[in-house]
Amino acid sequence: MIIRIKPLLIIYLLFATNIISDMAINNIFINSKIIEIEKDTNKISFEGDVNIKSGEFTINADNASYDNLKKIIYVSGNPSKIKSVQKNNSFIGSANQIIFSETSKIQLIGNAVMNYDDINISSNEIIFNTKDGKIISD
């Protein structure tokens, strides 16, 4: 069963108990034009002007989905953009797809570009740890 919701404010009421309690470390808030709650698959989809904010970064994208079973957020766009909000750990990046979870690892996939500590990296895939700054590229 899929439920379509348009108002942005409802995201907090419906989504907060799952994501904020399960991902309380990151305090993640997601806004979009359309929200679909898929009760059968335990997923929530976000479409149109997706904006994700946490204590560590912001992401702007076209679409996103949250898998409550795996505790993973998948983000896609042309491209999706991520930017640090922490002054002591500054980074900016973009990719066709961004994947992250409760861990501090962020995966940029497809035309991935990242600037961290005045170092520019371009690759098909970049895995970045927001806590220690370690970068792995493919």
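Every residue, even glycine, has its Cβ placed from backbone N, Cα and C.
Unlike curated entries, TrEMBL annotations are predicted automatically.
If you check TrEMBL, you get these features:
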| type | residues | note |
| --- | --- | --- |
| DOMAIN | 30-133 | domain 'Organic solvent tolerance-like N-terminal' |
Reduced to three DSSP states, the domain 'Organic solvent tolerance-like N-terminal' (30-133) has 0 helix, 76 strand, 28 coil
Averaging pLDDT over all residues of the domain 'Organic solvent tolerance-like N-terminal' (30-133) gives 91
